[in-house]
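Encoded as structure tokens, the structure appears first; notes follow it.
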Amino acid sequence: MKFEDLLLEIGGFGRFQVLILFILCLPRINLPMHFLLHNFLAATPSHHCAIPHQEAFVNLTVEEVLLISIPREPDGTFRSCEMFSQPQFHLLLNSSLQPENSSIIQHCQHGWVYDHSQFTSTISTQWDLVCEQRGLNQATATFFFIGVTVGAMVFGYLSDRFGRKAMLLLSLVCSIIFGMLSAASVSYSMLAITRTLTGVALSGMSLIVLPLGMEWVDIQHRTITGILTSIFWSIGNMLLAMLAYLVREWHWLLVAVTAPCLLSTVCLWWVPESARWLIANGKVKQAHRHLLRCARMNGRKDFAVSPELFPSFHLSQVLRWMATDKKPGESYSYISLFRTPVLRKISLCSGAVWFGVAFSYYGMSMNLTSFGLNMYLSQFVFGVIEIPAKVIMYFLVNRIGRRQSQAWALILTGLCIGANVIIPKPFTSLRSVIAIMGKGFSEAAFTTVFLYTSELYPTVLRQNGMGYTSFMARLGGALAPLVFLLDEVWRSLPEVTYCGVAVCCGSVAFLLPETLNVHLPEGIEDIE
């Protein structure tokens, strides 16, 4: 007897499941607020070298002081990172005669002056993470995703060992603590450390929410469960744009995106542990209690195991029998993902797909200013376009299957990124349309990969599998912001890199097995 047969008896998608999914969707709203926060937390406004006051400047306007103190770019804007070693007063007579002698140009010596019209403060303006320190600014996102990467391995193992709900609660509490400590940071080092630890904590939420919800629903509703859960990620995307627009000071912005975790922590009280996990780990009494609660909420008060399915057993006896499928003393780890041939192939291919999905997704999401739209509008539109992308994927994954949907969504993401390398900069409207399409495909790939992966791995290894693939995704997320630094080698090299990785990893998805309308595997033998 399979667990799906029990779900049919107690109701595989009733009020009980709706309540659980609604509560689990609350932390999903929080995730993009932190994962994409770097766009606003570390935004770099227009800036130029600070010019020390001199008596010779008394009768000059601010614009004239800048004119004689800072060299200009070919487009006429002042350079951000350089200044003249001595004032060039002759430029007051003819500003077009820019000095060609590079020996009189030097790096900023007295700090920077920032344009505060858009941001009251960011970490860039707080600690001057510009010019030579620009790498540290991008590294802030990398530190965060390194934390998420480590957290994926830690929470993937712990949630298979100690249960989904307990680890989700730990993740939420730690996210609140480290999120608030990040907001109180008094140095860059403190911010880097607390953001890394916040990433570790948030990884548990990212990893556990979907499988915990999926393990309570029947086969027919697995797809809608995955899509519904991921829609709340898009809502979080849009809420981030509005919060960032309203809160322009980075300390308070961190507080604003962390505070909703408190509501999720309180609401988690009504979410039960996964009955699948309880049965797989021999905790029959707890599973029995949760299944009876599910039956009552779904209107199956007279629930008993169907005689046609199992004629001579009561529910508790059936659960004990199901629990014996896991041999006494048998334990699983990440190594188990690579011990058997089919599981090894699944793990290698799904790891590559997750890397490509995250690498291209965050590559697009952290490049809001290059598509010709206001960054707040870009963030909001990128969130809006994800919802129809998810709805379309709901029909596609059920019609053409998970594998084809996954592969083509990721390949088309790469092609859209590549198209914007070719389209000239002046064509801002066309570039914006292509970028929005690419973001839609990218989100479609992310939505599918969560659903697809949770169906590929057996219950005894599901969280280990999700932990490993999430590790690969966060590795891609950690590298994505650093790729922007390659624009110093060739301006289009970051986009070419994102394009190539997305197309290659999308092609790997064709090697994975199809899971459409297939029972969730319980043990490794179901995979092999």
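The backbone N, Cα and C atoms fix where each Cβ goes, glycine too.
What TrEMBL lists as domain 'Major facilitator superfamily (MFS) profile' is 87-516.
For 139-159 (among others), the entry in TrEMBL reads transmembrane segment. Same-chain residues lying 6+ beyond the ends of the transmembrane segment (139-159) with a Cβ under 8 Å from its Cβ atoms: 34-35, 38, 41-42, 123, 129, 167-168, 171, 191-192, 195-204, 206-208, 333-334, 362, 366, 463-468, 470-471, 473-475, 477-482.
Listed by sequence, the residues of this chain that lie at least six past the ends of the transmembrane segment (166-186) yet keep a Cβ under 8 A from its Cβ atoms are 27, 30, 34, 151, 155, 158-159, 194-195, 197-198, 200-205, 208-209, 212, 251-252, 254-255, 257-258, 261-262, 264-265, 268, 271, 273. Annotation comment: TrEMBL describes 166-186 (among others) as transmembrane segment.
Marked as transmembrane segment by TrEMBL: 192-212 (among others). Tertiary neighbourhood of the transmembrane segment (192-212): same-chain residues 20, 24-25, 27-28, 30-31, 34-35, 139-140, 143-152, 154-156, 159, 164-165, 167-168, 170-172, 174-175, 177-179, 181-182, 185, 225-226, 229-230, 271, 274, 450-451, 454, 462-463, 466-467, 470, 474, selected by CB-CB distance under 8 Å and a gap of 6+ residues from either end.
What TrEMBL records for 224-246 (among others) is transmembrane segment.
Annotation source TrEMBL lists transmembrane segment at 252-271 (among others).
Taken from TrEMBL, the feature transmembrane segment covers 346-364 (among others).
For 376-396 (among others), the entry in TrEMBL reads transmembrane segment. Long-range contacts of the transmembrane segment (376-396) within its own chain (CB-CB distance under 8 A, at least 6 residues past either end) are made by residues 32, 36, 39, 223-224, 227, 230-231, 233-238, 240-242, 244-245, 364-365, 368-369, 405, 409, 436, 439-441, 443-444, 447-448.
According to TrEMBL, the feature transmembrane segment maps to 408-427 (among others).
Nonlocal intrachain contacts for the transmembrane segment (346-364), taken as residues 6+ away from its ends with a CB within less than 8 angstroms of a stretch CB, comprise 35-36, 145, 337-338, 382, 406, 410, 413-414, 417, 435, 438-439, 442-443, 445-446, 449, 452-453, 456-457, 465, 468-470, 472-477, 479-481, 483, 494, 497-498, 501-502, 504-506, 508-509, 511-513, 527. Using a Cβ-Cβ cut-off under 8 Å and counting only residues 6 or more beyond its ends in the same chain, the transmembrane segment (252-271) has close neighbours at 19-20, 23-24, 26-27, 29-30, 33-34, 37, 40-41, 165, 168-169, 172-173, 175-176, 179-180, 182-183, 212, 240, 243-244. In the predicted structure, the domain 'Major facilitator superfamily (MFS) profile' (87-516) carries a mean pLDDT of 86.
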